[in-house]
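To start, the structure under review is shown below, and the notes come after it.
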Amino acid sequence: MELENIVANTVLLKAREGGGGKRKGRSKKWKEILRFPHISQCTELGNSIEREYFSICEKQPIGRLLFRLFCETRPKLQRCIQLLDAMEDYEVTPDEKRKSRGCQIIKAFLSENVNIAEVFADQCRENLELSPCKEIFSNCRKAVHDYLSGAPFADYQNSMYFDRFLQWKMLERQPITKDTFRQYRVLGKGGFGEVCACQVRATGKMYACKKLEKKRIKKRKGESMALNEKQILEKVNSRFVVSLAYAYETKDALCLVLTIMNGGDLKFHIYNMGTPGFDKDRVQFYAAQICCGLEHLHRESIVYRDLKPENILLDDNGHIRISDLGLAIKVPDGELIRGRVGTVGYMAPEVINNEKYAMYPDWWGLGCLIYEMTAGRSPFRARKERVKREEVERRVQDEEEEYNDKFTEDAKAICRMLLTKDPKQRLGCKADGAAGVKAHSFFKNINFKRMEAGMVEPPFVPDPRAVYCKDVLDIEQFSTVKGVNLDQTDNDFYSKFATGSVSIPWQNEMIETECFRDLNVFGPHGTRSPDLDWNQPPEPPRRSLLDRIFRRHVSERTDHHRESKMGSW
């Protein structure tokens with residue numbers, strides 16, 4: 001039994017390390033899988049794609065890189081990109097260095113006559129003297145983007161760089177099946193099936209595959225819940241929330257392919273790594289990242305509703321992401337919702353009372369997490385305390401949480417403000433929202449711009465040789481679902497679910513695994529490669545070895561038959 005777990009873990013660790021070869025986990029046929037279609041085969045896509053500057057040149061990672069390659073061919077456009085990069089760098093500059101960095105940018109870019117942004121030089125200088133805040137270049141940045149979105153963007157769409165973008169988009173839209181991935185050990189259980197590790201054959205990128213068994217979904221009438229989770233994951237693009245990279249189906253299951261988080265969950269780290277709880281630096285770091293994740297969800301009008309330590313996962317480097325969005329829901333603009341959902345001990349008073357709410361329960365949940373990470377126990381129930389649900393809910397509604405000497409004054413203050421029972425008085429629930437939480441003195445040492453850029457070093461890094469999950473045989477298997485038959489109505493639902501690659505995560509995968517670098521090759525001296533040449537016909541598709549053997553065999557038989565007929569004459 002132990003041997004089976006050792007083998008499963010060893011195979012997984014080898015895959016995480018890239019298989020130990022030069023291909024970094026890529027299939028032998030990776031170049032064939034990611035072979036560009038000839039540009040003539042991209043005409044329909046070129047006619048139908050939305051040609052919006054920010055979507056193509058800023059939001060989409062490969063689109064952004066290709067637009068920048070185009071700008072490098074023209075000195076004036078290259079200067080614009082350099083200015084944008086400098087302003088981006090300014091935003092993540094530490095406070096004490098921001099004024100001098102701002103002066104450098106004004107001197108280098110806004111003191112010369114480039115007819116785009118120099119009009120803002122005096123305004124930027126004045127703002128820099130008054131207060132070197134993060135927003136002094138906002139008008140300047142807008143002016144540069146307004147310029148680039150005009151004639152330069154139009155010229156870009158007639159260039160080989162945009163044609164290459166269309167080729168990448170065609171690859172992005174390839175059908176996704178179970179054969180796209182290699183499957184590894186089971187990591188845990190979801191509501192409708194197992195979660196296992198998987199690896200994209202073409203790139204070597206590791207993911208977690210959350211399987212939703214079709215018959216189990218139907219038996220539990222979970223179609224709307226499953227589709228809701230998929231659509232919310234698809235909408236959110238945040239480094240603090242797990243990303244959906246692919247959605248596909250097999251004969252028996254719907255599959256969500258998600259960011260893999262190899263470092264385990266916060267519940268494991270709070271209670272299984274020495275004395276329960278964390279030091280104040282770790283608590284502050286994780287709380288800040290959770291705050292950023294909630295802010296990104298709330299921007300999309302999504303309330304999460306299930307904050308608890310086991311839903312906060314660590315990656316290889318020690319950064320966290322919010323996971324399991326099964327209870328998340330989009331709140332219609334200007335409206336409140338009602339729903340008694342969540343986990344006992346973490347549900348806010350307004351949820352327990354079945355009152356209407358917007359984003360309020362999430363800030364209560366953050367308060368519960370900060371308390372538990374600090375104290376090594378949840379605020380309204382001791383670790384492993386046997387107590388009825390009704391009693392826990394009574395405590396949440398009626399009792400005040402207690403604070404021991406592990407809490408600093410700032411930690412105590414933010415917990416009290418987040419665990420305020422009246423949501424109208426709760427930190428985060430007023431007009432300033434997440435900004436009010438970030439401004440609390442508990443976070444005084446956090447530079448949130450640098451945090452959001454991934455530039456703050458985590459206080460703890462998981463062991464790369466450890467597998468932070470239960471042994472394979474300790475993960476309880478699902479029983480077989482009986483008495484459920486699938487029909488055409490189910491197939492209609494599956495077609496809404498199995499939509500293939502998700503654009504931004506897929507493009508990031510191509511860049512991170514260096515497939516973009518290895519494949520994004522043009523002709524000599526800035527010319528078009530053959531696959532981008534409109535005047536050159538596309539190469540015929542390559543036949544498989546089996547097909548070539550079969551065709552040769554048929555040819556030999558035909559020749560032999562012809563010779564036999566001639567001999568009989």
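The backbone N, Cα and C atoms fix where each Cβ goes, glycine too.
A quick note: this is a predicted structure, and the numbers were derived from the prediction, not measured.
Copied over from TrEMBL, here are the features:
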ACT_SITE  D306  active site, proton acceptor
BINDING   K219  ATP binding site
COILED    382-409  coiled coil
DOMAIN    59-166  domain 'RGS'
DOMAIN    181-443  domain 'Protein kinase'
DOMAIN    444-509  domain 'AGC-kinase C-terminal'
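Helix, strand and coil counts from DSSP across the domain 'AGC-kinase C-terminal' (444-509) read 25 helix, 2 strand, 39 coil. Cα of K219 (ATP binding site) to Cα of D306 (active site, proton acceptor): a distance of 24 Å. Per-site Cβ counts within 10 Å over the recorded positions K219, D306 peak at D306. The average per-residue pLDDT of the prediction over the coiled coil (382-409) is 91, rounded to a whole number. Under the three-state DSSP scheme, D306 (active site, proton acceptor) falls in the coil class.
Secondary structure counts, DSSP: the domain 'RGS' (59-166) has 81 helix, 0 strand, 27 coil.
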